[in-house]
Amino acid sequence: MGAKDRADVWQGTLALMVLKTIEAMGSLHGYGIARRIEQTSGDVLELNYGTLYPALLKLEQEGAIAAEWGVSENNRKAKFYSLTRAGRKQLAREAKNWEQTTAILARFLAPDEAV
Amino acid sequence: MRWVRVLLRRVAGIVPSGRRELEMRAEIESHLVMHIDDNVRAGMDAREARRQAILKLGGVEMTKQAYREQSTLPFLETLMQDLRFAARQLRRSPGFAVTAVAMLALGMAASVAIFAFVDAALIQPLPYRQPTQLVDVTETIAMMGRANLSYMDYVDWKRDNKVFSSFAAYTGTGALLPTDKGSEVVTGMRVTDGFFRTLGVVPVVGRDFYAGEDQPGAAKSVILSYPAWQRRYAGSRDVIGKTVELSGVPMTIVGVLPESFQFIRRNNAEFWEVLQQSKGCEDRRSCHNLIGVARVKDGVTVAAAQAEMETIADRLEGQYPDSNRGQKASVIPLSEAFIGDMRPILLTLLGGAGLLLLIACVNVSSLLLVRSESRRREIAVRGALGASRGRLSRQFITEALLLVGAGSVIGLVAALGAMKLLLHLLSKDMLVRMPYLNGLGANLHVMLFAGGVALMAAVVFSVTPMLRLAGVNVREGLAEGSRGSAGVLWRRLGSHLVVVELAIAVVLLVGAGLLAKSFYKLLNVEMGFVPDHLATISVAMPDLQYADGVKQTALMKRVVDEVSAQPGVKAAGTTSVLPLSGNGNTDWIRFVGRPYDGKHIEVNEREVSPGFFAALGTRLLRGRHFNDADDVSKPKVVMVNEAFAKKYYPGEDPIGKVFGGTGLDPKTLRTIVGVVEDVREASLDTETWATEYEPFAQSPDSYFSLVVRTSQDETGMMPSIVAAIHRIDPALGTADEATMGARINDSETAYLHRSSAWLVGGFAVLALVLSVVGLYGVIAYSVSQRTREIGVRMALGAQRGSVYGLILREAGWLAGWGIVAGLGCAVGAAMLMRSLLFGTAAWDVGTLGSVATVLGVSAMVASYLPARRAAMVNPVEALRAE
């Protein structure tokens, strides 16, 4: 595994990725979320799956997501997470923040072309 | 707000929940299963698939731990662990836990309960608007300091000063109120029109007096107290505008005071009438019957007000030398005037309670020291297993918090109980005089004080075992039976703590002893009369029916005769002012045939009936008693007390000497016919001034107090005496029925001395017990530490007697130091509270000696038990033991 090319998940962004993933995929279990995040990143992200669970718990404590036990596509018992209304708002807000931040940073980092 | 939600859920997560743990495991297991499924599908064998899945997860236990930490607050979680551990530790040594908590609760209860009283009396502001601006304004005279204010001086002071935004005056009064059951004597107050505005009190019903209502000629109006409104008028609003007849004078009710209104000087006054200049006293500048209350202007200090009033008083002195010679002014904060006399006793009690708390804390601290000694190995083991110093300290702090928490809660509950009990012990009359005690309870100040005490205790109890921690060396602590620096620390610090305890106990015991002795002296003070079997009652005549002196004298004689004729009554007499009422009601006199420099010669003045001294049981020293022949038709006669004779006729026979008023007006000249011993006119602890007694018939009044000497129980006689008076004339008012014994016992002086003696005595006994227990603990511990040494000594031939000596000498040193230090401090403390002592010196040798003996003997008894155990040591076993 070429670990050096892969980025560790930057702490604050994990929650945003989780929320976005659940929004895109609908109700999903932890394993599925982890896999989906890796896939979406084009396997650039090196995600320690274990770190996902405290993040999910925190989002649940915040009321952004709700959890429910269900059965997976392969007939395994799993805990499924879905977005709440508060979660949707939080996602919209944080996504916007993120876009602004990256836009600003982009302007800083690409001065040559900007002139 | 999201973080609040998270915090709440994490706090809730502290409660251990098996379900949450199971669910977490299931979720992680399900994650692994799904991952393994995928891996197998990708071609791995089962073992490799599982290994890769766990690897990718980052470790099952690590994940679980991270999850757990998110689900609760790790800090609180360890705190809970510590608490559970501490509770377990304390349960394992219940003796220690119970003793420590009990001592702490005791100290807490005593200090918090006393503080509540201090707070109510001294810290809570007076219940008026901006009370710090209010001042008490009076005249002063050299003889008694602060004295009353005369009406005419008040008017000049009020007009001329530039320091007060308002200035009112008041005086207590009594009146006869016609009721269905005949005349009733009611208490009242006469106040100038600005009185309530000065205080910032607004009537709840009706109106305040308007400006100018106290001028002569204005209609007389009266404001009711709330209780009077409720009791006499059933709280009806129609009462406004109604007329009430007070001593035959019709007055219009214009308002009702708020329920919360209180005025310490006469809190039970029912009728607050407007003060209009009266005939008699108030049109004479020399007659002082008022007290002033004023509000200083913004930015004016009490000192500035004092200076201004002094200037005015000096000017009046120059202007009216006859009446104002020596009359100065005094301005002090109203709170000082109202409760200043309570300060020494309350602070003494608070000091006593504080010392008790200190002993309790010292005792618990030394218990903790001993305990940490025996936990050396536990601490060393925990240190060896990797507990950081901080973690170990936190354990001690948690244990301290647990102890202090339990002690504080119990102590606080006990304190509330103690407050109730102390309030219960106060008589109704006392409560009327201390209206501020109505608010007594667990208010913010009291809770803050309790919190402060608890915090201090928690700090002390956390630090004490940590001192030990500093000396712990892991290797040394683990070594079996080692003697490290710790033993030295204990002997340096722990044993010295007991010296402090003993010293404090000495201070409290000496304080209690001195107060008890003062109280005893007070009750046995020379009264100048026989106080038992003596009933007293005040009688008031309606002014209209008994307008002239002849009628008043006739009635007085009739009352004395009728009451004397009652079965069980031996004698009766009357006076204008009952004994023990206080010095005052004075007269200015001038002696015939002596030079006079215009300086006022001020003496107490009382008008008495011929049989008064016989009824009181007061001895006649010279001359004769008054008799019925001393009436208005005869030249004036006078009797004087011994203090008078000694002061003004030293080495002379006063009988036959003549004195009169300051102008020596022939009408005022009177001849001394008798000298009686000093009747205690003032309070129990105040010397009686020179006093003159005039015959009632030559100076009659519509009011007198009756003293009745009975042959049977005086309390039981009261109704028949009252009935006899009402049989003469139902319009007569009677009030203040009380036995002389009760007047003495319930007097403020007796009450204050008694309660302080009992309370400090209680503290002292507790302190004695605590300190002796502390000494016992120290010696017992020392013996247990020295078992081996004693064994060696005995093996080498030491006799049991010398072992006794060894232990008792150690105890003797500690006790000796404690007692000597304590005696020194006690004399100092007694000097601070000498205003509470009566007839007893701060260095009273008897008290100091008894305390030293009591404590010395107790200390020796307490150390005898461990000494005996030491002497019983079997040398063989002691040497084998380690």
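Quick reminder: no glycine exception, Cβ is built from N, Cα and C everywhere.
Just so you know, TrEMBL annotations never went through curation; they're auto-generated.
If you check TrEMBL, you get these features:
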- B:96-118: transmembrane segment (TRANSMEM)
- B:100-311: domain 'MacB-like periplasmic core' (DOMAIN)
- B:345-370: transmembrane segment (TRANSMEM)
- B:353-473: domain 'ABC3 transporter permease C-terminal' (DOMAIN)
- B:400-426: transmembrane segment (TRANSMEM)
- B:446-472: transmembrane segment (TRANSMEM)
- B:493-516: transmembrane segment (TRANSMEM)
- B:502-683: domain 'MacB-like periplasmic core' (DOMAIN)
- B:757-783: transmembrane segment (TRANSMEM)
- B:763-874: domain 'ABC3 transporter permease C-terminal' (DOMAIN)
- B:811-833: transmembrane segment (TRANSMEM)
- B:845-865: transmembrane segment (TRANSMEM)
In the domain 'ABC3 transporter permease C-terminal' (B:353-473), how many residues does DSSP put in helix, strand and coil? 107 helix, 0 strand, 14 coil
Work out, from DSSP, the number of helix, strand and coil residues along the domain 'ABC3 transporter permease C-terminal' (B:763-874). 95 helix, 0 strand, 17 coil
Tell me if the transmembrane segment (B:345-370) touches the transmembrane segment (B:446-472). I count contact as 3 or more CB pairs below 8 A, with pairs 6 or more residues apart. yes
Stretch of maximal Cβ-Cβ contact with the transmembrane segment (B:345-370) [cut-off: under 8 Å; candidates B:400-426, B:493-516, B:757-783, B:811-833]: B:757-783
Using Cβ atoms and a strict cutoff of less than 8 Å, what residues sit near the transmembrane segment (B:493-516) while being 6 or more residues removed from its termini? 348, 352, 355-356, 358-359, 362-363, 365-366, 369-370, 467, 753, 756-757, 760-761, 763-765, 767-768, 770-772, 774-775, 778, 781-782, 814-815, 817-819, 821-823, 825-827, 829-830, 833, 836-837, 840, 842, 844, 847-848, 850-852, 854-855, 859
Which residues, given as numbers and ranges, are at least 6 beyond the ends of the transmembrane segment (B:757-783) yet have a Cβ under 8 Å from it? 103, 106, 110, 114, 348-349, 352-353, 355-356, 359-360, 362-363, 366-367, 370, 373, 490-491, 494-495, 497-498, 501-502, 504-505, 508-509, 511-513, 515-516, 518-519, 790, 807, 810-811, 814-815, 818, 854-855, 858-859, 861-863, 865-867, 869-870
Tertiary contacts of the transmembrane segment (B:96-118) (same chain, 6+ residues out, Cβ under 8 Å): 90, 346-347, 349-350, 352-354, 356-361, 363-364, 367-368, 371, 403-404, 406-408, 410-412, 414-419, 422, 437, 440-443, 445-446, 449-450, 453-454, 457, 759, 763, 766, 770
